[in-house]
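K.L.:
There's a structure below that I have some questions on.
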Amino acid sequence: MLVYYSVLVFILLAAICSSLAKKGIYKDLFFQIAAFLLFLVMAIRDESVGTDLPKYLDIVNTIGYSNFSDFLSDSLSFPGYEFGWIIINYIVVIFGSERMLLVTSSAFYIYSFYRLFSHYSTLPFLSLAIFILSCYYFSGMNLLRQYTAIAILLFSLQYVIDRSFGKFIIIVLLATTVHQTAICFSLIYFVYPIKISKKYLLMTVIGSVAIYIFFGNFLFSRALALLNLSKFEKYIINGENGGLTFFFFILTFVLAGSLLTVQERNNPKIKLFYHMMILALVIQSFSLTVAEFARVTQYFFLSFSVYLPCVISTKKQPVTRLFFICCSAILMIIYFILISQNDMNGVIPYKFMQI
């Protein structure tokens with residue numbers, strides 16, 4: 001954990017230096033250095049850092065021992081992996097080894113979030129810290145395929161605001177070739193035009209709680225039985241776990257947004273990320289019964305790292321903003337410590353690559 005805590009301390013110092021810098025170019029430079037450090041730690045990690053990482057490296061090694069005709073034939077198949085991900089691996093093999101996969105995936109992943117925070121966040125350094133504390137950084141080290149798809153989807157956000165469906169759906173379909181669950185992200189395009197009123201918030205919050213209460217194991221099992229789909233009961237889980245804690249975590253910050261004025265809630269930028277938070281809440285309520293929905297939640301909860309700084313920035317008084325930043329930091333650190341104890345991503349302890 002020392003490496004990760006050191007990175008957080010560096011981000012704090014970089015944020016202080018950036019705030020003291022007089023020229024904008026130096027402010028950007030400190031942020032770029034902080035983002036580069038995240039990339040470096042991610043790229044030079046040992047191949048044992050990440051529970052699912054070995055199976056991704058096995059694909060690279062398998063492709064490395066085949067020619068292109070074998071790659072296209074039925075004799076070389078990778079069940080459970082989308083064609084886009086296999087193509088990425090084949091390109092990686094052409095230019096390098098399994099280490100190249102780690103370097104390129106890390107570079108693209110960090111750049112995508114760096115670009116997101118630079119373009120949309122009002123407090124980029126806070127966004128970078130939330131990126132780590134919300135464990136998106138950890139998941140990016142482990143679940144390479146899904147989080148590469150997430151990184152691709154980040155390039156579609158402006159097209160949601162601009163209402164450019166053609167460009168938006170092309171990026172979504174591209175991400176879907178890497179991880180098929182990415183198609184669920186298309187929901188945000190159709191939800192975005194809805195005005196975020198207190199009535200709308202109340203309906204979605206009540207609806208989410210109702211889904212958790214009434215879409216329970218018993219009712220869901222009965223529905224599957226009636227539809228002759230009992231084989232899918234294996235996906236049913238008990239909601240009394242970390243997923244419920246996460247549900248209330250999202251709920252807390254969705255409700256906090258109700259304190260914003262109507263104009264603030266419907267600012268194009270805040271509106272986009274607020275809608276994503278609401279979708280994360282609704283989908284997370286389903287995941288308390290069906291675990292597979294938890295993957296879909298991650299496509300929308302990424303908005304939290306931009307949503308929270310934007311909400312804090314609406315406060316006019318510097319002292320008030322600082323108070324909310326400190327409170328948010330404390331809550332996120334507690335959340336980070338609790339999540340890190342489980343180490344579901346297998347990234348603790350951190351190990352540098354062997355030379």
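Each residue, glycine too, has its Cβ placed from N, Cα and C.
Straight out of TrEMBL:
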- 29-45: transmembrane segment (TRANSMEM)
- 87-111: transmembrane segment (TRANSMEM)
- 117-137: transmembrane segment (TRANSMEM)
- 144-161: transmembrane segment (TRANSMEM)
- 167-191: transmembrane segment (TRANSMEM)
- 200-221: transmembrane segment (TRANSMEM)
- 241-260: transmembrane segment (TRANSMEM)
- 272-290: transmembrane segment (TRANSMEM)
- 319-339: transmembrane segment (TRANSMEM)
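Buried or exposed, and what's around them? Tell me for each listed feature.
P.N.:
When Cβ-Cβ distances below 8 Å are used as the criterion, the transmembrane segment (87-111) is approached by residues 35, 38-39, 42-43, 45, 47, 56-57, 59-61, 63-64, 68, 71, 140, 144, 147-148, 151, 177-178, 353 of the same chain, each at least six residues removed from its ends.
Remote same-chain partners of the transmembrane segment (241-260), defined as residues 6 or more beyond its termini with a Cβ less than 8 Å from a stretch Cβ, comprise 196, 198, 201, 204-205, 208, 212, 270, 274, 277-278, 280-281, 284-285, 287-288, 291, 294, 297, 301, 304, 307-308, 311, 314, 335, 338-339, 342.
Residues of the same chain lying 6 or more positions beyond the ends of the transmembrane segment (319-339) and with a Cβ under 8 Å from any Cβ of it are 123, 126, 129-130, 132-135, 242, 245, 249, 308, 312-313.
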K.L.:
Return the stretch with the most CB pairs under 8 A relative to the transmembrane segment (167-191), choosing among 29-45, 117-137, 144-161, 272-290.
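P.N.:
The stretch with the most close Cβ contacts to the transmembrane segment (167-191) is 144-161.
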K.L.:
Any residues 6+ beyond the ends of the transmembrane segment (117-137) with a Cβ under 8 Å from its own?
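P.N.:
For the transmembrane segment (117-137), the nonlocal Cβ contacts are 4, 7-8, 11-12, 14-15, 18, 28, 31, 34-35, 38, 42, 147, 157-158, 269, 273, 298, 301-302, 304-306, 308-310, 312-313, 325, 328-329, 332-333, 335-336, 339-340, 345.
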K.L.:
State the residues, same chain only, that lie 6 or more residues beyond the ends of the transmembrane segment (144-161) and have a CB under 8 A from a CB inside it; answer 'none' if no residue qualifies.
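P.N.:
For the transmembrane segment (144-161), the list is 50, 52-53, 56, 81-82, 85, 88, 101, 105, 108-109, 112-113, 115-116, 119-120, 136, 167-168, 171-172, 174-176, 178-179, 181-182, 185, 188-189, 192, 268-269, 272, 295, 298-299, 302.
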